[in-house]
Amino acid sequence: MATINQLVRKPRVDVKKKSNVPALESCPQRRGVCTRVYTTTPKKPNSAMRKVARVRLTNGFEVTSYIGGEGHNLQEHSVVLIRGGRVKDLPGVRYHTVRGSLDTSGVNDRKQGRSKYGTKKPKDKK
């Protein structure tokens, strides 16, 4: 343990926490334009074709963003909203696109967990 004299000479320094989503610059979401929409494969042991988009943000950053849900309408030059949140089995993907905002449509025929996929409440058929 340090003596009081040592602490007077050289005080304790707080460890700065590094952000997991630096491109957001402390904002909850950011707007951007898709520069490329493509599919990629996850790390072992998983197997799929994951839908991702390369997005140029309004602050100049270019990031890779995951497109969640079944089916999407994104193409090059689509304007999207991205939020933080990584995809564990896709290296380098630290952001998610927000479904149901700007040019991104919500997921069709979704009944549960709709708020996460930008889907409106279905009309009751009686």
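From the backbone N, Cα and C atoms, a Cβ is placed for every residue, glycine too.
According to Swiss-Prot, the compositional bias 'Basic residues' annotation covers 113-126. Each residue of the compositional bias 'Basic residues' (113-126) gets a DSSP state, and the totals for helix, strand and coil are 4 helix, 0 strand, 10 coil.
Other C-beta atoms found within 10 angstroms of the C-beta of D89 (3-methylthioaspartic acid) number 15, with every protein chain shown included. Taken from Swiss-Prot, the feature 3-methylthioaspartic acid covers D89.
The region 'Disordered' feature in Swiss-Prot is assigned to 99-126.
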